[in-house]
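As recorded in TrEMBL, the features of this protein are as follows:
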type     : residues                                                                        : note
ACT_SITE : Glu84                                                                           : active site, proton acceptor
BINDING  : Gly7, Pro8, Met9, Phe10, Ala11, Gly12, Lys13, Thr14, Asp83, Glu84, Ile85, Gln86 : ATP binding site
BINDING  : Cys139, Cys142, Cys177, His180                                                  : Zn(2+) binding site
BINDING  : Ile165, Leu166, Val167, Gly168, Tyr173                                          : substrate binding site
Amino acid sequence: MLIVIVGPMFAGKTTELIRRVERYVIAGKRAIVFKPSIDARYDSSKVAAHNGLKFGAYVVPPDEAGVEAIGKLGLDYDVVAVDEIQFFPPSLADVLNGLADGRVVIAAGLNLDFRGEPFETTMRTMAFADRVISLTAVCKVCGRPATRTQRLINGLPAPRDSPRILVGGGDSYEARCRRHYVRPA
Ligand code: ADP
Ligand code: TMP
Ligand code: MG
């Protein structure tokens, strides 16, 4: 069973991943949570949500070696969860799809980058999913459901040519609805 939790930043993806993993732990299942080593925002060895919620995690590099480690270590568990899947190469999708034969796999990732382009690894994992949980945040401009993430530099939309990967939180990103998301120039 492969469950994918998807949405923009601040949608509650990490919170939902932790909530689901905790329930399996309570049920006596063996669970492991992975996160990419680039995400040291709030804690280096735990998955951390924007609201302070945390859960112990196994840190792996966001490359083919990390994907291979998830595929090998995951075999020994009933439940395998991976946060921030968008930072891993698309081969992660195939590895998670394989692990999902015989165990529960929960994957959380961003839908779109700040340019409004889909994250390939999230897309590929969604295609293999048995269930997709699509979450929205709250638009910082109007308060309606937000499906997009705006990167801001000094309060203005970051330009298209800024790097795709920039780890951050409310200091550099805002959740926006379709109407208030500004396509970077
Ligand atoms: P994600 O992993 O999707 O970024 P988290 O689970 O880390 O989300 O954080 C969700 C929390 O972020 C919410 O419970 C709320 O406290 C906080 N938050 C901050 N800004 C927003 C926003 N614009 N919309 C919704 N929640 C927000
Ligand atoms: P979150 O979904 O748990 O909020 O984390 C998303 C992370 O992805 C956060 O560290 C910011 C980063 N990010 C990028 O690197 N590039 C992007 O285009 C966007 C939207 C987010
Ligand atoms: Mg998160």
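Quick reminder: no glycine exception, Cβ is built from N, Cα and C everywhere.
Automatic prediction, not curation, is the source of TrEMBL annotations.
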If I take the alpha carbons of Gly168 (substrate binding site) and Asp83 (ATP binding site), what is the distance between them in whole Å? 15
Out of Glu84, Val167, Tyr173, the recorded positions in the record, which is closest to Lys13 (ATP binding site) when you go by Cα distance? Glu84
If you draw a 10 Å sphere on the Cβ of Cys177 (Zn(2+) binding site), how many other Cβ atoms land inside? 20
Spatially, and counting Cα to Cα, which of the recorded positions is closest to Ile165 (substrate binding site)? Options: Asp83, Glu84, Cys139. Glu84
Cβ-Cβ neighbours of Cys142 (Zn(2+) binding site) (radius 10 Å): 12
Taking ligand 3 as the reference, state which of the binding-site residues Gly7, Lys13, Ile85, Gly168, Cys177, His180 have a Cβ closer than 6 Å to one of its atoms. Lys13
Nearest of the binding-site residues (Gly7, Cys142, Cys177) to Leu166 (substrate binding site), judged by Cα-Cα distance: Gly7
Specify the count of other C-beta atoms within 10 Å of the C-beta of Gly7 (ATP binding site). 26
Rounding to whole Å, the Cα atoms of Ile85 (ATP binding site) and Val167 (substrate binding site) are apart by 14
So if I draw a 10 Å sphere around the Cβ of Tyr173 (substrate binding site), how many other Cβ atoms end up inside it? 19
How many Å lie between the Cα of Met9 (ATP binding site) and the Cα of the residue listed as 'active site, proton acceptor'? 10
Determine, for the substrate site, the additional residues of the same chain whose CB lies within 8 Å of the mean position of the CB atoms of Ile165, Leu166, Val167, Gly168, Tyr173; present them in sequence order. Arg151, Ser172
Nearest by Cα to His180 (Zn(2+) binding site), of the recorded positions Asp83, Glu84, Tyr173, is Tyr173
